[in-house]
Amino acid sequence: MKKLFVLLMALSMLAQINAQEKKIFRISTDNTDLILQVAPNGRLYQSYLGDKLLNEQDINNFSYAVKGGSDGSVSTRGWEVYPGSGAEDYFEPAVAITHYDGNPSTIFRYVSAEQKEVKGGTETVINLKDDQYPVEVILHYIAYPKENVIKTWSEIKHSEKKPINLWRYASTMLYFSNTNYYLTEFSSDWAKEARMSTQPLMFGKKVIDTKLGSRAAMHAHPFFELGLDQPVQEQQGRVMLGTLGWTGNFQFTFEVDNVGNLRVIPAINPYASYYELKANEIFSTPEFIFTFSNNGTGEASRNLHAWARNYQLKDGQGDRLTLLNNWENTYFNFNEELLGELMKEAKHLGVDMFLLDDGWFGNKHPRNDDHAGLGDWEVMKSKLPGGIPALVKSAKEAGVRFGIWIEPEMVNPRSDLFEKHPDWAIHLPNRETYYYRNQLVLDLSNPKVQDFVFGVVDNILTENPEVAFFKWDCNSPITNVYSPYLKDKQGQLYINHVRGIYNVLNRIKDKYPNVPMMLCSGGGARCDYEALKYFTEFWCSDNTDPVERIFIQWGFSQIFPSKAMCAHVTSWNKNTSVKFRTDVASMCKLGFDLGLKELNADELAYCQNAVANWKRLKSVILDGDQYRLVSPYDGNHMAIMYTAPDASKAVLYTYDIHPRFGEKLFPVRLQGLDAKKMYKVKEINLMPNKNSNLAVNEKTYSGDYLMKVGINAFTTNQTHSRVIELTAE
Ligand code: DGJ
């Protein structure tokens, strides 16, 4: 036995040495292998992307040439990892460069590679260089074995005599060879976020992109699902989930070529972004993050959720604050006294924080509606004579934390800021200005503007170190696209603007590492994993109608953990009960945005109890494994559950949306439990004086039974919900 082990080890080492000589790079998670190989022509090709191989020596078996030529032959044109424009590949390139002398071709050849341990995984770095021009690309891949996630990005630099122009700059390129490909995309608009739809990918290209600049994901979100051979399903089938960490214009290209292979190209959208790169400047692409599963999107989402909490999301392992927001309750109409009352209400409700929304600033141009004041971040004295210090004090007296809304990247033309610095706003010098929500976007490519935006947060926190939270909003796309700062380099605007935002966010993170922030963009128009390095959570949608929210939260949950998704109980769709609205918000990071005076005594008592339950169970809801059990897209019900990693506790949410009269109801079969453990089933979040009519309530069942037989939790009631706690005995 021992001899066999030694022999196997020796074979594996030999295979590794062989692979090094052959220049084969294996990027591996516990379940996936991405194998790249240098061909005799010195170029780097993808030889395999699929299930992890068991035997090390098998990685030597691949060919680097393209597979499946129509005449059965193998062509010399390969699956090049980072193909440049102007060579023999006639499909979409990863990179396109016009060199200083006007030559539009680039061919990268292998130079060197290294692998190193990084937090959570292994990073593979591969250097490639053009042999005709001093241009390099450095490919980065971090494989996170446990979570089965790979994150990849590229860096481009050169030392040509003059600047070069980049007109394509993909983060990476991935190739697939399957019988069929199905794309699930997430379209969006204000109050219509994360709408999922699926289509087959046929010959040619499908592009998902955005040109909005700042409120960049308003019409399409920067993520997708790919069903390989069949459309994606929740619990079966081979799927890939991918997402780009870029808070600006992005572009996903899916191209099926002449032999039926698919290439997936995630990138910054090159639209209007002919990028002039100076010698020795490094052009870093955004990170593309992807995962695979052979068991459908449910498992793939759990991979991303765990990865995000462990490595990417700001304070991913930390706690989150429940809150009472005043936006929908008061809009712009409040004063110090009213806010003091609301802080007491927040305490009475049992939440951790009061969050003051829009309308607290501007004096010469008071922010009493959305026409004026953006840019003038001093407290409006007529409304709030004691300033922020008085609000922090009142919150303290009420026994809650205090958070505040800002929209620091924007300016109303009716503001001191615009009067003083009209050149700080992105707008065309020679055309009539078009206003989106009566505002303009500040030019974050300008370092002076970056200082100003940093100052918005810095000044508040310097004066009020006890401010506990920021809601950072962004309500306008870039309009009238022209940067007074960049002058004849307008091709840099969309990209440098986003980089300017990251500069500011980095400075904030460095100086105030522990201040949580919510990312908001007129609802959920900013939702990406680069921004979430700086934000603890994001606002999914202004649409808080619970029926709509069931779909919106289902959509975002494909990519993001519940911990990152803010959901508030509001007065949208008052035809539904306060319980239904609260149970829907309780699936994510819970908050409220309504006046408690709207609630009768039972409703208030219900909410207080629901907040207490949520806080008691938040380690399961926010940090547990999520199982999406019944999709709202499939019928009139929805069910989702969270399970603690040790399966000792679980929380099940079931919703009847608009069931048909007398429709057949199916039991909800649970997942993620320990089959051998016994679980006590208890319906919680009940209205005062209401008993549960769940047949299994307060009874004990094995995990096996609950997963195979399930619970009859659905009803034919309209907009009806249940929250069920399961505790292992
Ligand atoms: C848009 C956000 O989505 C809302 O929650 C609110 O903060 C408003 N902006 C304030 O103007």
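Cβ coordinates are placed from backbone N, Cα and C, and glycine is handled just like the others.
The substrate site recorded in TrEMBL comprises TRP190, ASP357, ASP358, ARG437, LYS471, TRP472, ASP473, CYS474, ASN475, CYS520 together with one of ASP229, ASP319, ASP542, ASP545, namely ASP542. Taking H, G and I as helix, E and B as strand and the rest as coil, DSSP gives the domain 'Glycosyl hydrolase family 36 C-terminal' (638-726) the counts 6 helix, 33 strand, 50 coil. Within the same chain, residues at least six positions away from ASP473 (active site, nucleophile) with a Cβ under 8 Å of its Cβ are ASP358, TRP405, ILE406, GLU407, CYS520, SER521, GLY522.
If you take the C-beta of ASP542 (active site, proton donor) and look for same-chain residues 6 or more apart in sequence within under 8 angstroms, you find TRP190, ALA191, GLY522, GLY523.
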